[in-house]
Amino acid sequence: MSQTKMLKVRVTLFCILAGIVLAMTAVVTDHWAVLSPHMEHHNTTCEAAHFGLWRICTKRIPMDDSKTCGPITLPGEKNCSYFRHFNPGESSEIFEFTTQKEYSISAAAIAIFSLGFIILGSLCVLLSLGKKRDYLLRPASMFYAFAGLCILVSVEVMRQSVKRMIDSEDTVWIEYYYSWSFACACAAFILLFLGGLALLLFSLPRMPRNPWESCMDAEPEH
């Protein structure tokens, strides 16, 4: 591999590394969406919530003269509950809606697949750098691109999850906005998917410019 192409590969891997960090941050944090309830003038507190792939947290925030509940960063009584995705027979005290839990389980499972693709891609990159096996960059690029697509699907599932929660009559929340964990997931998709495609492009062997070039460059037979 030429020096110019190697430089492009290193820059691409750096972008992919940033995407990996953002993907990990999005998966382990619970600020994908912030939910706000309908405001009642006679209430002294309001209950806002934020949630991610693994748990939902509600916070009772003292009300002031504003017409909105929050922001979520204000001090208040906080209560978090894990979704308990893979423990049948157990249910969350807060997350009582079967359909909503199915959305969350799907998003979490897809995110785990994404992390698996990231691990496989990273192993291929490490093996290629260790013994100059440049051909391993090609499967690595595909793994990273698949990881990005999984993140995108997880983002869409969570988006539908939030919409379903807001539209449900069983919840008190009527307003929402996507928070920084959601932004990390979107940025991770862009970096992983485009980085994977760029890595595949840079790792492909150079095509001959002329039909006879490959024959002229071939080693003579003995």
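Glycine too: its Cβ is placed from the backbone N, Cα and C atoms.
Here is what Swiss-Prot says about this protein:
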{"type": "TOPO_DOM", "residues": "1-10", "note": "topological domain 'Cytoplasmic'"}
{"type": "TRANSMEM", "residues": "11-29", "note": "transmembrane segment"}
{"type": "TOPO_DOM", "residues": "30-108", "note": "topological domain 'Extracellular'"}
{"type": "CARBOHYD", "residues": "ASN43", "note": "N-linked glycosylation site"}
{"type": "DISULFID", "residues": "CYS57-CYS80", "note": "disulfide bond"}
{"type": "CARBOHYD", "residues": "ASN79", "note": "N-linked glycosylation site"}
{"type": "TRANSMEM", "residues": "109-129", "note": "transmembrane segment"}
{"type": "TOPO_DOM", "residues": "130-134", "note": "topological domain 'Cytoplasmic'"}
{"type": "TRANSMEM", "residues": "135-155", "note": "transmembrane segment"}
{"type": "TOPO_DOM", "residues": "156-179", "note": "topological domain 'Extracellular'"}
{"type": "TRANSMEM", "residues": "180-204", "note": "transmembrane segment"}
{"type": "TOPO_DOM", "residues": "205-222", "note": "topological domain 'Cytoplasmic'"}
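On a Cα basis, ASN79 (N-linked glycosylation site) lies 6 Å away from CYS57 (disulfide bond). Same-chain residues lying 6 or more positions outside the transmembrane segment (180-204) and placing a CB less than 8 Å from one of its CB atoms are 5, 8-9, 12-13, 15-16, 18-20, 22-23, 25-26, 29-33, 52, 118, 121, 134-135, 137-138, 140-149, 151-152, 154-155, 158. Other Cβ atoms within 10 Å of the Cβ of CYS57 (disulfide bond) number 17 in total over all chains. The helix, strand and coil residue counts that DSSP assigns across the topological domain 'Cytoplasmic' (1-10) are 8 helix, 0 strand, 2 coil. For the topological domain 'Cytoplasmic' (1-10), same-chain residues at least 6 beyond its ends with a Cβ under 8 Å from one of its own Cβ atoms are 134, 137, 198-199, 202-203. Neighbour list (CYS80 (disulfide bond), Cβ cut-off 8 Å, at least 6 residues apart, same chain): ASP30, ARG55, ILE56, CYS57, THR58. Beyond the ends of the transmembrane segment (11-29), by six or more residues, the same chain brings 52-54, 111, 114-115, 118, 121-122, 125, 144, 147-148, 151, 180-182, 184-185, 187-192, 194-196, 198-199, 202 to within a C-beta distance below 8 angstroms of the stretch. Here the topological domain 'Cytoplasmic' (130-134) returns a mean pLDDT of 73 for the predicted model.
Cβ-based neighbour count (10 Å, all protein chains) for ASN79 (N-linked glycosylation site) stands at 14.
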